[in-house]
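Enquirer: Take a look at this one; I'll ask things after.
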Amino acid sequence: MAVTHSLGFPRIGAGRELKRAVEACWAGRTGPAELAQTGRELRERHWMIQSGSGIDLVPVGDFAWYDQMLNMTALLGAVPRRFGFQADALSLDQYFQLARGNAEQPAMEMTKWFDTNYHYIVPEFDRETGFGPGTEWLFDEVEEAKALRLNPKPVLIGPLTYLHLGKERQAGFSRLELLPRLLPAYAAILRRLHASGVPWVQMDEPILGMDLPPEWLEAFAPAYAALAEAGPKLLLATYFASVAEHAVWLKSSAVAGLHIDAVRAPEQVADFLKDFPADKVLSLGLIDGRNVWRTDLRRALEQAESAGAVLGERLWLAPSCSLLHVPQDLSLETSLNPEIKDWLAFAVQKLEELAVIDKGLRLGRQAVAAELAERDRLLQTRAQSPLIHDPGVKRRLEGLSDADFRRHSPFAERSPLQRERLRLPPFPTTTIGSFPQTPKIRAARAAHRRGELNGDAYRDAMRAAIREAVYKQESLGLDLLVHGEAERNDMVEYFGERLAGYAFTKHGWVQSYGSRCVKPPIIYGDVARPEPMTVEWIGYAQSLTKKPVKGMLTGPVTMLQWSFARDDQPRAVTALQIALAIRDEVADLEAAGVAAIQIDEPAFREGLPLKAADRADYLDWAVKAFRLASCGVADDTQIHTHMCYSEFGDILPAIAELDADVITIETCRSAMDLLEAFGAFGYPNDIGPGVYDIHSPRVPAGAEIRALLEKAAAAVDPERLWVNPDCGLKTRQWPEAEQALANMVEAARAMRRAESLAGSAA
């Protein structure tokens, strides 16, 4: 009989209880005790859901107040010394300061978790980094699960992944050198778990799906040989990509079990089944943990049956990865189109699907014949549904030519025309788009959605917010303004709601970072734009000022990456469909007199496949999608794009191929290190490195911002530098945003004065 288990479960709660509790604690409305109680209640609820669905081993340690990688840093006692915190006495408040910064120290860096829209807090390493006793949270949670008479399976980020995803804060050494110091800390954790009666521990090593240098690969076998002696049986878990090239040595390694992703890489199953050792278990991830479509149960059961014929009771069944990446429960969606709802499965439903596969494997197909027949019917209904197909969209794609994917003139010819039209000073200042979403703004949007605020009253409320944003920007002295995005609940959801082919949930929340949750739309069919989406708001903002106002759009790659995309056609085709819709909006904005249009692509890099061999194809269609969206404008219309949380060094040629006139990037948490790559590459167009971290409430001093600008000016031609925050200001409060922007504007003016003096001296 197969063992069923889960690699992780959504932690925020079906009603975003964790978000609300954390933010109440941050605001001082509640204390750590109340927050801790909410955490206990959520953990118990989620464990019981999983156990009630038939999961034999429930994950413990997948819960985190902010981030699971940050939890590992706290557990390992690897808290950066710059904060001055005692690792084994770390309070919740101090834990949050690591992620959010404080008056003395900026936050730890944050970046994307592989190719997902989840963000993790990056560990910091130097030669003196120590590992030792840390927080007790994991051990406490194990005891909580045992008290509920559950079978806990602790989940740890494995040591190689933990080190690899960290960052050196000191030149001249490799973080891999810390492995001999790190392994004893892991071994101590494993011994404690073993002493508490835990039989299995899941060790997540998703970096095995990447192209790793030889020294990193060679470190795995001896590392796990050492850890296997600590007591519990180790299940080494991989996901997001194939690890077939490592099958031979993984099967001979010291771990007691392996988990592989059979959704993203079903072909690798055969490599692992061949000569699979008799003393190990193999866990197959048969249910997609990354997307929301119902599983083809018949095909998944066939996979399980084939593996079971080889492995017998050594077969384990699981989702492909943690269910953190999907919403919690589809049953809460009472207003979703019933036909579309029938095609979907969220975390709870995915565990139910796993139970069907397990039952079919144990009792035979006849025991689940009704479930298989019903699923076959739903899959066929979806494939034939008229909701999916739009012949007009397909005709437009077929009619595209090379001219649709390029600007009229090269950047060197466009740039002077844009400068003349926009009349911007050196080191022009701007923001990334959104301004603080005040309770008043949110209340107006919510009332309008509920039908309690009519269209005229809603328009008046949004216009009032736009007026305030424009007034504040003019008062601060910003050069290129934005309208503030008061009307937008989310940069993807807002546009998706106005596009055909998208569906929306009421409760489909997933965690993005910390307390930040997003509700990704669902792309179920061909995408088209029925009518203009932003022209009214941008045009109104421009009517209030003589300064230029940027149009603000979300790019096609991000619209795809931050949605649950349809799985019945190539992602490249869906991206081009979205690009055509954005292209139409760009044309309408330009016709309305908008001189600068920003097409945000913060998710551009996150779509990059983990393996280099697969990347050229992705970059080809991703670049084409952006260019299709942006290249229909005149030379004197300035196209901006924004990217964040990214390591760009390996994709700079593709970023240059986007041919955006201005790119703004998030660089502050990495102290402008990213900009050096742009400088070394010789990035040809304008660039705006983020000069302060908007994810932290900390307000940087003007001198601090100027120091970053001076560092930027040493890496990139100052004539091509823009000055802007790291990202949008939606989650900040107005007082801190205004002070930070005032300091930013003053730093830009100081740079202009310095450049002017330098020019005079020359």
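Cβ atoms here come from the backbone N, Cα and C positions, even for glycine.
Per Swiss-Prot, 5-methyltetrahydropteroyltri-L-glutamate binding site is recorded for ARG16, GLU17, LEU18, LYS19, LYS112, ARG516, CYS517, TRP562, GLU606. Taken from Swiss-Prot, the feature L-methionine binding site applies to ILE432, GLY433, SER434, GLU485, ASP600. Among the features that Swiss-Prot reports, L-homocysteine binding site is placed at ILE432, GLY433, SER434, GLU485, ASP600, with the record citing sequence analysis. Annotation source Swiss-Prot lists Zn(2+) binding site at HIS642, CYS644, GLU666, CYS727. Annotated active site, proton donor per Swiss-Prot: HIS695, in sequence order, evidence recorded as sequence analysis.
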Enquirer: Long-range same-chain neighbours of LEU18 (5-methyltetrahydropteroyltri-L-glutamate binding site), Cβ under 8 Å, sequence gap at least 6?
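Expert: Non-local contacts for LEU18 (5-methyltetrahydropteroyltri-L-glutamate binding site): ARG11, ILE12, THR38, GLY39, LEU42, TRP65, SER515.
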Enquirer: Other than ILE432, GLY433, SER434, GLU485, ASP600 themselves, what residues in this chain have Cβ atoms within 8 Å of the centroid of the L-methionine site's Cβ atoms?
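Expert: Nearby residues not in the site list: THR431, VAL482, MET491, MET552, GLN598, HIS642, CYS727, GLY728, LYS730.
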Enquirer: How long is the line from the C-alpha of ILE432 (L-methionine binding site) to the C-alpha of CYS644 (Zn(2+) binding site), rounded to the nearest angstrom?
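Expert: That comes out at 11 Å between the alpha carbons.
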Enquirer: Would you kindly give the Cα-Cα distance separating HIS695 (active site, proton donor) and ARG16 (5-methyltetrahydropteroyltri-L-glutamate binding site), rounded to the nearest Å?
Expert: 19
Enquirer: If you measure from the Cα of LYS112 (5-methyltetrahydropteroyltri-L-glutamate binding site), which of the recorded positions SER434, GLU485, HIS695 is the nearest?
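Expert: Ranked by Cα distance from LYS112 (5-methyltetrahydropteroyltri-L-glutamate binding site), first place goes to HIS695.
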Enquirer: Far apart in sequence but close in space: which same-chain residues, 6 or more away, have a Cβ under 8 Å from SER434 (L-methionine binding site)?
Expert: VAL482, GLY484, GLU485, ARG488, MET491, GLY728, LEU729, LYS730
Enquirer: Could you state the whole-number distance in Å separating the C-alpha atoms of GLU606 (5-methyltetrahydropteroyltri-L-glutamate binding site) and CYS644 (Zn(2+) binding site)?
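Expert: It is 10 Å, counting Cα to Cα.
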Enquirer: List nothing but the largest Cα to Cα distance in Å, as a whole number, among the residues ARG16, GLU17, LEU18, LYS19, LYS112, ARG516, CYS517, TRP562, GLU606 that the record says bind 5-methyltetrahydropteroyltri-L-glutamate.
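Expert: The 5-methyltetrahydropteroyltri-L-glutamate-binding residues span at most 28 Å between Cα atoms.
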Enquirer: Ranking the recorded positions ARG16, HIS695 by other Cβ atoms within 10 Å, which is at the bottom?
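Expert: Relative to the other recorded positions in ARG16, HIS695, ARG16 has the fewest Cβ atoms within 10 Å.
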Enquirer: Validating a neighbour-count step here. Other CB atoms within 10 A of the CB of GLY433 (L-methionine binding site): how many?
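Expert: Around GLY433 (L-methionine binding site), other Cβ atoms within 10 Å: 26.
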Enquirer: To the nearest Å, how far is the Cα of CYS517 (5-methyltetrahydropteroyltri-L-glutamate binding site) from the Cα of HIS695 (active site, proton donor)?
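Expert: It is 14 Å, counting Cα to Cα.
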Enquirer: Check the Cα distances from GLY433 (L-methionine binding site) to each of the recorded positions CYS644, GLU666, HIS695 and keep only the ones within 10 Å.
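Expert: Those near GLY433 (L-methionine binding site) - Cα within 10 Å - do not exist; the answer is none.
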Enquirer: For LYS112, HIS642, listed as binding-site residues, tell me which one has the smallest number of other Cβ atoms within 10 Å.
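Expert: Fewest other Cβ atoms within 10 Å, among the binding-site residues LYS112, HIS642, is found for LYS112.
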Enquirer: Sort LYS112 (5-methyltetrahydropteroyltri-L-glutamate binding site) into helix, strand or coil using the DSSP assignment.
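Expert: For LYS112 (5-methyltetrahydropteroyltri-L-glutamate binding site) - judged by DSSP and reduced to three states - the answer is strand.
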Enquirer: Rounded to an integer, what is the Cα-Cα distance in Å between CYS727 (Zn(2+) binding site) and HIS695 (active site, proton donor)?
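Expert: Distance (Cα to Cα, whole Å): 8 Å.
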